[in-house]
Amino acid sequence: MPTSGTTIELIDDQFPKDDSASSGIVDEVDLTEANILATGLNKKAPRIVNGFGSLMGSKEMVSVEFDKKGNEKKSNLDRLLEKDNQEKEEAKTKIHISEQPWTLNNWHQHLNWLNMVLVCGMPMIGWYFALSGKVPLHLNVFLFSVFYYAVGGVSITAGYHRLWSHRSYSAHWPLRLFYAIFGCASVEGSAKWWGHSHRIHHRYTDTLRDPYDARRGLWYSHMGWMLLKPNPKYKARADITDMTDDWTIRFQHRHYILLMLLTAFVIPTLICGYFFNDYMGGLIYAGFIRVFVIQQATFCINSLAHYIGTQPFDDRRTPRDNWITAIVTFGEGYHNFHHEFPTDYRNAIKWYQYDPTKVIIYLTSLVGLAYDLKKFSQNAIEEALIQQEQKKINKKKAKINWGPVLTDLPMWDKQTFLAKSKENKGLVIISGIVHDVSGYISEHPGGETLIKTALGKDATKAFSGGVYRHSNAAQNVLADMRVAVIKESKNSAIRMASKRGEIYETGKFF
């Protein structure tokens, strides 16, 4: 087991207490061991190398496996601890650039320049030629750009995201290879890097270890997390050995830079040049500008889908359902559902919600390319919906005066009630609860005479239908007049309160 000083990440410092575990009767799960399993450090993971392995990321964020140089007998965990200890020693003497203020002398050190070129530089070239009129947009090139946008986009949503990151379905090698190759056309990094950072996002949503932590602001979660160098102090890991076991993932990662250049720029340029005699149009519109649009659409999942929309399933974290984002990302905008049910191959569950990715996954399953499509049960989905609705109702209830709580009221026996009634002529018993109606007699809808006949008496039967079956609103008005509970009738009082939604723990009442 790790020694003191180990930097295995725990998800939350606040853990619920379990009496059975703390008493020693039942063993607790070893959190350190469980986190080692969650990061995959108990498994052998050969390193996959390429020329730009950290494309769209940074070394601090993607150091998933470790170099084989040195002691070959060291486990992944041993290498991790050794590297973490080295970083700790360096941190004692050197403050990371992300923790330093921006100045005219160091501003360039804050930036991830590779990503600046990929995310900002190349789009600027494309927009310059497009907006200046140097390369006009023709209809055929536009239509092809839209088609190719869909090819690259679906390769990300159905491939990178739902197939590899979440294993929401399985696919045979032709489909996996297609997604691996044309996922490169979106210039969003290799599937290995993309899937690793995405699994970290789900494991540490809305924490400092979340690569695109929405709490750090809209701009940071949209693009800042890629354009700025991340603090290695908050580096996190997730198990992706299932991904590295896939030969299509290994092939793509090894050759990512070549595949990216071919699919993102060379292929659209050649197709538009050969079929439409417009090489420059293919490069600018089907290449640079298409990449810019698909990148920005994907970034909206990390940003807008955590800021705009509804939270019908849970509101403890920031993800939201947003139909606007769903339109440009082939159905990925229903983010609240996705974070609650991540292994469901669907992101949208209602017929009118836009999710072409789930349709494509379903269609590929019909022709035998995809299989084992996973869905959460409708019962589990309904449970989440009802729990969230109840949470909203409880918040509204907390803002309303529901009358005195029964446990805060004094306990009277019937003799005490009779004695008090001689002093206060407005007391009446209904369902085991004493109410002071003296200030309500003149407002009683049934008239003063009827209510006066109940003073100093038990009017439960008359109130509950013997004379008039009072409405729910009448019961709520009556609850504001509570002054005591009759000891002999406390069970009736509890039943009345429970009908109004009041909850009292069994065995702790009075």
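Each Cβ is built from the backbone N, Cα and C atoms, and glycine gets one as well.
According to Swiss-Prot, the protein has these features:
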{"type": "TRANSMEM", "residues": "113-133", "note": "transmembrane segment"}
{"type": "TRANSMEM", "residues": "139-159", "note": "transmembrane segment"}
{"type": "BINDING", "residues": "HIS161, HIS166, HIS198, HIS202, HIS338", "note": "Fe cation 1 binding site"}
{"type": "MOTIF", "residues": "161-166", "note": "motif 'Histidine box-1'"}
{"type": "MOTIF", "residues": "198-202", "note": "motif 'Histidine box-2'"}
{"type": "BINDING", "residues": "HIS201, HIS306, HIS335, HIS339", "note": "Fe cation 2 binding site"}
{"type": "TRANSMEM", "residues": "256-276", "note": "transmembrane segment"}
{"type": "TRANSMEM", "residues": "281-301", "note": "transmembrane segment"}
{"type": "MOTIF", "residues": "335-339", "note": "motif 'Histidine box-3'"}
{"type": "DOMAIN", "residues": "409-487", "note": "domain 'Cytochrome b5 heme-binding'"}
Whole-number Å only: compute the distance from the Cα of HIS339 (Fe cation 2 binding site) to the Cα of HIS161 (Fe cation 1 binding site).
13
Cβ neighbour count within 10 Å, max among the binding-site residues HIS161, HIS166, HIS335, goes to HIS161
Residues other than HIS201, HIS306, HIS335, HIS339 within 8 Å, Cβ to Cβ centroid, of the Fe cation 2 site?
HIS202, THR205, ALA214, ILE301, ASN302, ALA305, ARG317, THR318, PRO319, ASN336, HIS338
What parts of the chain pack near the transmembrane segment (281-301), using Cβ distances under 8 Å and only residues at least 6 beyond its ends?
119, 122-123, 125-127, 129-130, 135-138, 141-142, 144-145, 148-149, 152-153, 156, 185-188, 222-223, 264-265, 268-273, 325, 328-329, 332-333, 335
Can you work out which residues elsewhere in the same chain, 6+ from the ends of the motif 'Histidine box-2' (198-202), have a Cβ less than 8 Å from its Cβ atoms?
160-161, 165, 209-212, 236-240, 302, 339, 342
Taking every protein chain in this structure into account, which of the binding-site residues HIS198, HIS201, HIS202, HIS338, HIS339 has the most other Cβ atoms within 10 Å of its Cβ?
HIS338
Which sequence positions outside the motif 'Histidine box-3' (335-339), separated from its termini by at least 6 residues, show Cβ-Cβ distances below 8 Å to it?
202, 205, 301, 305-306, 309-314, 317, 319-322, 325, 347-349
Inter-residue Cα distance where the pair is HIS306 (Fe cation 2 binding site) and HIS202 (Fe cation 1 binding site), in Å:
13
So if I measure Cβ to Cβ from HIS306 (Fe cation 2 binding site) and keep only same-chain residues at least 6 apart in sequence, which ones fall under 8 Å?
ALA214, SER221, THR318, PRO319, ARG320, HIS335
Check HIS166 (Fe cation 1 binding site) against DSSP and tell me helix, strand or coil, would you?
coil
